[in-house]
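Record features, source Swiss-Prot:
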type	residues	note
DOMAIN	3-147	domain 'Globin'
MOD_RES	Ser14	phosphoserine
MOD_RES	Ser51	phosphoserine
BINDING	His64, His93	heme b binding site
Amino acid sequence: MVHFTAEEKAAITSLWGKMNVEEAGGEALGRLLVVYPWTQRFFDNFGNLSSPSAILGNPKVKAHGKKVLTSFGDAIKNMDNLKTTFAKLSELHCDKLHVDPENFRLLGNVLVIILATHFGKEFTPEVQAAWQKLVSAVAIALGHKYH
């Protein structure tokens, strides 16, 4: 189990409160699909994913990105119990969707990049460290069913 200090929790929740989940979620998933094109195979039903502009403008990518980032809100509310929080999603992604758990780590890293671009100077090394710890812990929780 990952332990978050009070300072880390404050850094995470402070930034989360300013986050536009719809915008950042679509951007994060879109960037994942552009930078790591092999991840597109999990989104065959999303329509046109033929170019970066098609991906970033795709309404299904934006909608699913919002859904994904909304689940990070659950992580923030349950930082001390991520394994239980993501048990059902882990099972879904493992048993039904067969998603490589490495993709969770990649998405987390993309999210950290999105945060850095959106928050600039406010995204200090300390804030980055807290968020990196969270996205890593979420990736581990999502990959739990695979073990």
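Just so it is clear, glycine is given a Cβ too, placed from its N, Cα and C backbone atoms.
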Rounded mean pLDDT for the residues that make up the domain 'Globin' (3-147): 86
Local Cβ density at His64 (heme b binding site) - other Cβ atoms counted within 10 Å: 17
Helix, strand and coil totals (DSSP H, G, I; E, B; other) for the domain 'Globin' (3-147): 119 helix, 0 strand, 26 coil
